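Worksheet: the structure to be examined is printed underneath.
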Amino acid sequence: MAYVKLSEKALKHNLETVSKKAGGSDKIAAVLKDNAYGHGIEGFAKKISRLGIKKAVVRTYEEALKIADFFPYILILSDTPRHDSFHYAINDLDTLQVLEPGTKVHLKIDTGMHRNGIALEEIEKAFELLQKNRAHLTGVFTHFRSADELSSELFWQNEQWQTVKQHVIELIKKYNLQKPLFHAANSAALFRLGCEDDFARIGIALYGYTELDDLYEPPALEPVASLWAQKIASRELKKGSRVGYGGVFEAREDMIISTYDAGYADGIFRFQKEIEDGKILGRVSMDSILLEGEKKEICIFSDAKKMARKLGTISYELLVKMPAHLSRTWID
């Protein structure tokens, strides 16, 4: 069956790189949402917790439950807040009005992305609702919209963020609250700005990538995951024979072809014409592709960024397309 290889050596290298930039592994929260960017959330969580990471960020409550044994501090970005051991991101005032007493919350502040988050002029109202419902403010954060782009917008938005922090500090004094944890930097922002907050939320860099322009001199990270497929069968295809759905590929000469057990249900795009190990013959099927030759296994990609550029997308999309049903094998 198709499977994913994961390099522990690459993971250690990436973690050392981001830890050095952040000022220590204690200032890193590993972003493990969406099945750890396709790497397999439980296995990846186990590895990275053993390497010293204490904080994790996930998308849902279900993801948090899967890794609860590995991290003492877990932030959930997109789920209904509960009064339990997890911390929950709050994006609007409506959610604050229905919190259970004791719920641990991180207020997300909209500093310019305008996707979600509490508006700057709503911050004090948010504090009033926190007090009213006796929720626990444990964090305040934002998200940068252009950290990996060749522009100065990151600096403008970071100025907004500094203003937010000052306002929050004034409000915690007013309401006699403990100082929350501040966090804003993602992978790209960490390498451009460093980390002056309590921690940075690091996702894509742990997996071996940034989308930073070369002018920013991005760090030398190593891809953790590679996607592989195994041979199902080989056959001789005669000159003039056509193969696959629609018969869109026609052999120009006699050739040996092989079927491999990865298709568009396994992380390959249906429109894809080639993989790292060669050209795809005909159309991609749901569960298989055809290549010339008879290798026992083939590499779909070992560098998601390089492959993504050929496909007109970004490394993130290729990685999260690796489905959960694929087995994941750690090497090194």
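Quick reminder: no glycine exception, Cβ is built from N, Cα and C everywhere.
Record features, source Swiss-Prot:
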| type | residues | note |
| --- | --- | --- |
| ACT_SITE | Lys33 | active site, proton acceptor |
| ACT_SITE | Tyr245 | active site, proton acceptor |
| BINDING | Arg115, Met286 | substrate binding site |
| MOD_RES | Lys33 | N6-(pyridoxal phosphate)lysine |
Spatial neighbours, same chain, of Tyr245 (active site, proton acceptor) - Cβ under 8 Å, 6+ residues apart: Gly282, Arg283, Ser285
Fewest other C-beta atoms within 10 angstroms, as judged across Lys33, Arg115, which are the recorded positions: Arg115
Between Lys33 (active site, proton acceptor) and Arg115 (substrate binding site): CA-CA distance (Å): 18
For Tyr245 (active site, proton acceptor), the three-state class that DSSP assigns: helix
Met286 (substrate binding site): tally of other CB atoms within 10 A of its CB: 11
Residue pair Met286 (substrate binding site), Lys33 (active site, proton acceptor) - Cα distance, angstrom, rounded: 26
